[in-house]
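Copied over from Swiss-Prot, here are the features:
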ACT_SITE  H218  active site, proton donor/acceptor
ACT_SITE  S348  active site
BINDING   128-130, 159-162, 169-171, T217, S349, 354-356  substrate binding site
SITE      E361  site 'Important for catalytic activity'
TRANSIT   1-15  transit peptide
Amino acid sequence: MLRASATRFLSQAKNMNNSPRLFSSASAALQKFRAERDTFGDLQVPADRYWGAQTQRSLQNFDIGGPTERMPEPLIRAFGVLKKAAATVNMTYGLDPKVGEAIQKAADEVIDGSLIDHFPLVVWQTGSGTQTKMNVNEVISNRAIELLGGELGSKAPVHPNDHVNMSQSSNDTFPTAMHVAAVVEIHGRLIPALTTLRDALQAKSAEFEHIIKIGRTHLQDATPLTLGQEFSGYTQQLTYGIARVQGTLERLYNLAQGGTAVGTGLNTRKGFDAKVAEAIASITGLPFKTAPNKFEALAAHDALVEAHGALNTVACSLMKIANDIRYLGSGPRCGLGELSLPENEPGSSIMPGKVNPTQCEAMTMVCAQVMGNNTAISVAGSNGQFELNVFKPVMIKNLIQSIRLISDASISFTKNCVVGIEANEKKISSIMNESLMLVTALNPHIGYDKAAKCAKKAHKEGTTLKEAALSLGYLTSEEFDQWVRPEDMISAKD
């Protein structure tokens, strides 16, 4: 009985993601189709979809991962920007304005996301992204045909290759769309999110500037600092992280468009590359420009590797910050307990009253994912052979995912954790006053060796540092009180 149930469950689990591939609410038996043709022949395509034969063929040939593995939406929107820009420029080179304007209108619908359901292809396809590029061409072609009152699938008066793809190749359009998508996401999502978190940490640094606590190195007691100083370190990490990300943009602004197949610009007109870059800059409001060397722009994606390297560094920073905060908030009674973190939800199904540092845990998992993505992008970026890198889809998938994860996690961490952090001043003071590392203040007065004897004696006998120092006869009570003052140990002396 159990075996039969398990078999049935496994069968259902295997098939559960197949039905969305129809992309229609109608049952398979009732769904209507139309004929579309590519160079391999005719194929039946769902009648309510704008894609054509090449997209349908890709759905059949690359049924890998299911709907969750589709090309990221920012890339599709970036393709809309590119196709609109190309149509604008191509009209100056002889493209029929009626056709060009219809392409622009259809591209606008790709840009605003209203056609996103017509882009079903997964990342796992040809490494140049040709299937997705043709998905874009077919959708824009059919939508433009519809706008002009024509018949879907007729390829007239708007042809997916001759008109939508005029003067373009997969090899230059896909890297162009990758750069546009990355830059738009960095500007519109990542930098604002990191800035919000940085500013919240900076506010906490100012709030905690008067609270003196014990420092820790090697997970052992060290000399004092203020809680504000500790948080200032986190603030500076993110300030540098934002600057690192911004520093990669100059290379991401360079666009491959105009290189066509191998970087030579075959089948384009002189000036096409620069004009398309100008049009993309106009549409997005961002300073895109044509790449100075199209051979590099097609064969290598070092700019994307560099950009994700900056994200990886940010992830390392966020991992350290989130871990520090949750360790400082450990307890509430048997941990460090120096910080009180916001209580957002119950923490345990078996331990009543338990509350966990969930925002810190979510952030550290995001960082782990980003670090993994960095490995994938590094491998992909190192594998461009001759005139073309053919790991493009996996690179942009991971880059866009990392940007989105870091951005969302930073906003969540700020709103649900950082702004609500409180200092447990009583616990902080208690821990600091028990620390033997305050003995460091005695170094200039009695020397390192004698100070070390004081610390070891206090630790061995379980006494206070002052009691040990007095029993050894190295100083008087008044001298100890004068020299061992935590508030005098948090900065350099004049």
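Cβ from N, Cα, C; glycine included.
When the recorded positions H218, S348, E361 are compared by Cα distance to D162 (substrate binding site), the shortest distance belongs to E361. Between P160 (substrate binding site) and E361 (site 'Important for catalytic activity'), the C-alpha separation comes to 47 Å. Neighbour density around each Cβ, counted as other Cβ atoms within 10 Å, peaks among the binding-site residues S128, T217, N356 at S128.
Here the candidates are the recorded positions H218, S348, E361, and by Cα distance the one nearest S128 (substrate binding site) turns out to be E361. Shown in sequence order, S170, F174 are the residues of the chain, 6+ apart in sequence, with a C-beta less than 8 angstroms from the C-beta of T130 (substrate binding site). Annotation for E361 (site 'Important for catalytic activity'): same-chain Cβ neighbours under 8 Å, separated by at least 6 residues, are A322, R326. Cα spacing between N356 (substrate binding site) and S348 (active site): 8 Å, rounded to the nearest whole number. K354 (substrate binding site) is 29 Å away from the residue listed as 'active site, proton donor/acceptor' when you measure Cα to Cα. Here the recorded positions are S170, H218, S348, and the one whose Cβ sees the fewest other Cβ atoms within 10 Å is H218.
Within 10 Å of the C-beta of D162 (substrate binding site) we count 13 further C-beta atoms, all protein chains included.
Non-local neighbourhood of K354 (substrate binding site): P346, G347, S348, each in the same chain, at least six residues away, with C-beta under 8 Å from its C-beta.
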